[in-house]
Amino acid sequence: MLTGLSILQFFLCKATYISSCLFANDLFIATVISVVDLPKYARVNLLKSDVSLVIAAFNEDGYLLCDERCGALEHNNFSIDPILPDVLKFHPLAPLTTHPLYRDSHIILQDKASCLPAYLLAPPPGSNVVDCCAAPGNKTTQLASIMRNKGSCR
């Protein structure tokens with residue numbers, strides 16, 4: 001599901017192509033095709049698991065860890081993000097919301113752009129962090145994960 005910010009980012013990134021569409025049908029088709037092409041990202045919840053255990057669980061379920069250089073991901077392939085070591089990248093149609101790792105909160109579906117602020121802040125355990133982005137959500141829980149649940153987010 002695209003969040004408000006993801007929708008805005010999507011349309012800004014695709015503005016050149018969208019502006020070249022002449023008919024409403026072309027715009028609709030271009031939008032659907034572009035959304036399907038966006039990969040899914042899952043952040044490993046380090047408070048409940050670790051990256052190696054999550055990778056092993058996905059491997060047991062028939063997913064294949066693929067090097068980031070492998071190009072377009074197939075339906076059963078995934079890769080570790082080259083910048084965010086606890087973020088996994090999946091094919092756009094991967095059924096992650098039905099996977100036990102998701103249902104048990106071992107992975108959190110989160111857009112890559114949303115993962116960057118907490119990763120760049122990198123607060124050590126015991127830090128006091130003020131999250132002014134929104135109500136407690138993905139960025140706040142990511143900050144708690146980075147601090148190993150030793151600190152506070154306000």
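Each Cβ is built from the backbone N, Cα and C atoms, and glycine gets one as well.
Straight from TrEMBL, the features:
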BINDING   C133, A134, A135, P136, G137, N138, K139  S-adenosyl-L-methionine binding site
DOMAIN    30-154  domain 'SAM-dependent MTase RsmB/NOP-type'
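Per-residue pLDDT, averaged along the domain 'SAM-dependent MTase RsmB/NOP-type' (30-154), amounts to 84 for this model. Within 10 Å of the C-beta of K139 (S-adenosyl-L-methionine binding site) we count 20 further C-beta atoms, all protein chains included.
Helix, strand and coil residue tallies for the domain 'SAM-dependent MTase RsmB/NOP-type' (30-154), in that order: 47 helix, 22 strand, 56 coil [DSSP].
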